[in-house]
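Novice: According to Swiss-Prot, the record shows the following:
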- Trp15, His35, Tyr51, Lys107, Ala139, Arg254, Leu276, Glu278: NADPH binding site (BINDING)
- Lys107, Gly135, Ser137, Lys190, Asp243, Ser253, Arg254, Asn255: sn-glycerol 3-phosphate binding site (BINDING)
- Lys190: active site, proton acceptor (ACT_SITE)
Amino acid sequence: MLSYDSVAVLGGGAWGTALAQTGARAGRDVVLWEHDANNAQQLQQKRESLYLPGVTLDSSIKVTRDLSEAARAQAILLVVPAQVLRQVVTSLAPLIADRTPLVACAKGIEHGTHKFMTEIIAEAAPQATPAILSGPSFAADVARGLPTAVTIAATDAGIAQALAQAMNSGTFRPYHSTDVRGVELGGATKNVLAIAAGIVEGRKLGASALAAMTTRGFVELMRFGKAYGARIETMHGLSGLGDLTMCCSTPQSRNFSFGVALGRGESASEASHGKLAEGAFTAPVLLEMARLKNVEMPISTAVAAILAGQISVDAAIESLLTRPLKAEE
C-alpha cells in the first residue's frame, strides 16, 4: 500500500506551523521550510512562529530555508498564499521527484488566469501529483491538537487515501476524495461569503440576518460549484458547507473579521489590519468566473462592489433586500 513517511511543509505562517505540528503528531518526518529569514530564525531558535505565538514547535520538526532540502520529502504541503503559489511551485519543480504529491493548502483562485490551485500546480510542475487540503480548520485549534476534520483530494483515489493516512493523528481526521475541483472550489468561494457574513455582524443586523446570509450564501456556493463540475456531496461536505458554516460564525476567521470591520464603517485597507483576507482577492475573480457561466451570485456581487468602492455597505444591503421575490431553491 502507498504511504508517505516524510512530509515537507512550505510556509512557516500560522497554518503551515499547525500542519507541521500535525504531521509530527502523525509520526511523520517533517521538514518546515520558511522563506522569511526573521521567522525562520524564530522557528529555529525559539521553536515558535511569529504568526502563531504561544505554540511550541515539536522538537522533531526540522526548520530550513533550503528549498532543495524540503523537496526531498515524499509529500509536500504548499502552505503559501494563493497569489504566490505559482512562484513557489515554479521554484520547487526542478527539485522534486516525479509524481511527488504537491498538496495545496491555500483557498483561492489566481488573478488573471482564473486558475484553481491544483491547476497552477499542474502547469508549474507537470511531473508532480496535484492535491488539495481544505475544510473547517483554524490554525490555532489544529496546532493545539483540538479535534478537527478536513478533506484531502487527489484525482487518484490511492494517493488521496495515502495522503489522508499520512496526516491522520488522534485529533486531526482527514477524509479523502477524488473530487479535486469540488474541494478547492468550496474553500475559495466561502472566503467571499464569509466577508458578507462579517458585514452583517459588524452592522449589527441580528442573528436572523446572519442565518439568512449564510444560507443564501450556501445557495450561491452550490450554483457556482454545479457550474464548474463539483459534486453535490462535496458541496454538502467539510470543504463546502462545513467550512462555510465555520467561517461565517466566528472572528477567528480572517475573512469574517475583515467583513465585521467593513460593517463597522472601516475602509477595505483599514479593515485588513495587516492580515491577509484571501476573500478580498478572490471576490472579483469569482465574479468574473460566475459571469462566464451565467451563474447568479448576488451576495458575492455585493461584496465585490463594496471592496471596489462602487457601493456603500448600506446600499448593498438595501439592494439585496429589495431584489424581486422568488421561489426558494
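Glycine is treated like the rest: Cβ placed from N, Cα and C.
Remember, predicted model here, so these are calculated numbers, not experimental data.
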Novice: Measure from the CA atom of Asp243 (sn-glycerol 3-phosphate binding site) to the CA atom of Ala139 (NADPH binding site) and give the result in Å, rounded to a whole number.
Specialist: 13
Novice: In which DSSP state, out of helix, strand and coil, do we find Tyr51 (NADPH binding site)?
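Specialist: The residue in question, Tyr51 (NADPH binding site), is coil (DSSP, three-state).
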Novice: If the sn-glycerol 3-phosphate binders are Lys107, Gly135, Ser137, Lys190, Asp243, Ser253, Arg254, Asn255 per the record, what's the largest distance between their Cα atoms, in Å?
Specialist: 15
Novice: Which residues in the same chain, at least 6 apart in sequence, have a Cβ under 8 Å from the Cβ of Tyr51 (NADPH binding site)?
Specialist: Gly12, Gly13, Ala14, Thr17, Asn39
Novice: According to DSSP, which of helix, strand or coil covers Ser253 (sn-glycerol 3-phosphate binding site)?
Specialist: coil
Novice: Please identify, among the binding-site residues Gly135, Lys190, Asp243, Asn255, the one with the smallest Cα-Cα distance to Glu278 (NADPH binding site).
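Specialist: It is Asn255, whose Cα lies nearest.
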Novice: Ranking the binding-site residues His35, Lys107, Lys190, Arg254 by other Cβ atoms within 10 Å, which is at the bottom?
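Specialist: Lowest Cβ count within 10 Å among the binding-site residues (His35, Lys107, Lys190, Arg254) is His35.
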Novice: Radius 10 Å, atoms counted are CB only; among the binding-site residues Ser137, Asn255, which position scores highest?
Specialist: Asn255
